[in-house]
């Protein structure tokens, strides 16, 4: 059966470039459009590509465009490249997650490994300094990549004059006009505020403010139990804050597989994070030294007042297109402000494209990067694709939770007959050896064909383990395919192999 499955995949590899039964999921077509090079400098004559926004989608698109031989200019208002992700999002949060985890391990785990320490303290300025250094080095690295690939970098706030012209108010107080045959909007997203709550980034903070608190709050309330709220709540809980998460919905991370979600919440509760689900915020008072939050059941009922030193508003993000003057050139958006694009990422205005958080789809840095590459490939007369069904999602707490494909709830709702295989890390030798064995791997496969439909992992390094599953689903592998691949021993990845064995037949070590 494994050999037959390999043959099926081989045939798939030979044909997938030319046809696709699901064009909404996989974006790639042929384009016979030729492109010409512009030879004059940006700001005076045409570029082949102008990108507004230097975040993960924008800077990756700029580098790829230049690699494809297109004269390229990238405009970024922040003055440092990398966007929200690198400057005040993905990267600094992961730095603090790692540093706070090290502190927590020193407090609670070192002794089990024979490492005795006393008087472990948090030096918050030093911790923040390490985070800031990592960010600075990475942003400078992107500037180096721009120079290497001959991408022109304009620092300033861009807005459309016409479909082929962008006026830029530069950060040094000047103004320049950048012209391009093709313009890509890659301006990302911004924090979503809540009615009646004013974010001051001191007592009431967004994720940006939560990355730069000057002292550890005794009490922290997080509004919103999504990826960002749980990650930042986890950071400050490890450092000693009493953390309460308030969520209007009945569950944390509603997109997560329900079985994994329940185990994940129990894990966070063991870390002393408290949850108030089905709860809405109806009032905020920050006039005193701290913050008083008035909440009530989502369905209505008696009100309760919660007190905290800091409140983190983590209710999601909105596409950021303010000041671009899209309406001036007639670009269509949906009710949420997202730019509507076709399968080649082009808006209704010829030559104006959009990628990343400003278009429909998951608001993730790695998704934006894929958008950027595919978009400039289309512009260059090539073909590109992004399979939105295979964008992995990761919550970078400890343990991490990573997923790709469909949840069991989704498969069940679709009516497809399926099998589920699970394997706990308590039975994984590497996890036991390092005394970090909380979590499991869960695989969902079609009952008739054994094709893998979804994989969900809760483990210390789930964000690294998930990519074997992404690759497997991308090439329509069966659970037997993974089960029959030799995995190094002892590794955490063996849990994925064992879960595949449990899906196809029976695992060995449980």
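Glycine is no exception: its Cβ is also placed from the backbone N, Cα and C atoms.
For reference, TrEMBL has these:
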- 48-372: domain 'FAD/NAD(P)-binding' (DOMAIN)
- 85-90: disulfide bond (DISULFID)
- 94, 158, 187, 188, 189, 357, 363, 364, 365, 366: FAD binding site (BINDING)
- 224, 225, 226, 227, 228, 229, 230, 231, 247, 316: NAD(+) binding site (BINDING)
- 391-500: domain 'Pyridine nucleotide-disulphide oxidoreductase dimerisation' (DOMAIN)
- 489: active site, proton acceptor (ACT_SITE)
For FAD, whose listed binding residues are 94, 158, 187, 188, 189, 357, 363, 364, 365, 366, the greatest C-alpha pairwise distance in Å: 30
365, 489 as recorded positions, winner by CB count within 10 A: 365
Subset of recorded positions (85, 226, 228, 247, 489) lying within 10 A of residue 365 (FAD binding site), CA to CA, in sequence order: 85
Nearest-integer angstrom distance between the alpha carbons (Cα) of residue 187 (FAD binding site) and residue 224 (NAD(+) binding site): 24
Fewest-neighbour residue among binding-site residues, criterion Cβ within 10 Å, set 224, 226: 226
Spatial neighbour of residue 90 (disulfide bond) that is closest, considering only the binding-site residues 224, 226, 228, 230, 363 and their CA atoms: 228
Residue among the recorded positions 85, 90, 228, 230, 363 whose Cβ has the most other Cβ atoms within 10 Å: 230
Local confidence of the domain 'Pyridine nucleotide-disulphide oxidoreductase dimerisation' (391-500) - pLDDT mean: 98
Among 187, 189, which are binding-site residues, the residue with the most C-beta atoms within 10 angstroms of its C-beta: 187
Shortest C-alpha distance to the residue listed as 'active site, proton acceptor' - which of the binding-site residues 94, 189, 363: 94
Maximum Cα-Cα separation in Å among residues 224, 225, 226, 227, 228, 229, 230, 231, 247, 316, which the record lists as binding NAD(+): 15
Binding-site residues (94, 247), the one with most neighbouring Cβ atoms at 10 Å: 247
Additional residues around NAD(+), ordered along the sequence, whose Cβ is within 8 Å of the centroid of 224, 225, 226, 227, 228, 229, 230, 231, 247, 316: 222, 233, 245, 252, 253, 314
